[in-house]
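Before any comments, here is the structure.
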Amino acid sequence: MASSAVIKLACAVLLCIVVAAPYAEAGITCGMVSSKLAPCIGYLKGGPLGGGCCGGIKALNAAAATTPDRKTACNCLKSAANAIKGINYGKAAGLPGMCGVHIPYAISPSTNCNAVH
């Protein structure tokens, strides 16, 4: 229960990272988004950056190569963000850069997923 909420929180924070990813190998699912971003939840709620967080962010960035994948990831992240309380969106906005991933927009739960390309 708490793990599910934590996973959803991380997904919301990394919404924009996945949305703008340039490379992919397979279709994105909400389960994939949740599992890859689960290690980031503690950090987004004020704790230390977990060891697997950046690896998950990079993997999702690489997997979201197509517009449909990026839109799916975006919607998964927004759903997760709405389900988890206590996310520090300032930390979320800085997380991609900390992990060496560049995204051309701000991370926000209000991102219009239909406008993602």
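Glycine is no exception: its Cβ is also placed from the backbone N, Cα and C atoms.
These numbers come from a predicted model, not from an experiment.
Now, the feature entries from Swiss-Prot:
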SIGNAL    1-26  signal peptide
DISULFID  Cys30-Cys76  disulfide bond
DISULFID  Cys40-Cys53  disulfide bond
DISULFID  Cys54-Cys99  disulfide bond
DISULFID  Cys74-Cys113  disulfide bond
Cα-Cα distance linking Cys40 (disulfide bond) and Cys54 (disulfide bond), given in Å to the nearest integer: 8
From disulfide-bonded residues Cys40, Cys53, Cys99, Cys113, the one whose Cα lies nearest Cys76 (disulfide bond): Cys113
Where Cys30 (disulfide bond) falls in three-state DSSP terms: helix
Cys76 (disulfide bond): tally of other CB atoms within 10 A of its CB: 26
Per-residue Cβ crowding (10 Å cut-off), top of disulfide-bonded residues Cys40, Cys53, Cys54: Cys40
Assigned conformation of Cys53 (disulfide bond) - DSSP reduced to three states: helix
Cα-nearest neighbour of Cys40 (disulfide bond) within the listed disulfide-bonded residues, Cys30, Cys74, Cys99: Cys99
Cys99 (disulfide bond) in three-state DSSP notation: coil
Residue among disulfide-bonded residues Cys30, Cys53, Cys74, Cys113 with Cα closest to the Cα of Cys99 (disulfide bond): Cys53
Nearest-integer angstrom distance between the alpha carbons (Cα) of Cys53 (disulfide bond) and Cys74 (disulfide bond): 18
For Cys40 (disulfide bond): DSSP state (helix, strand, coil): helix
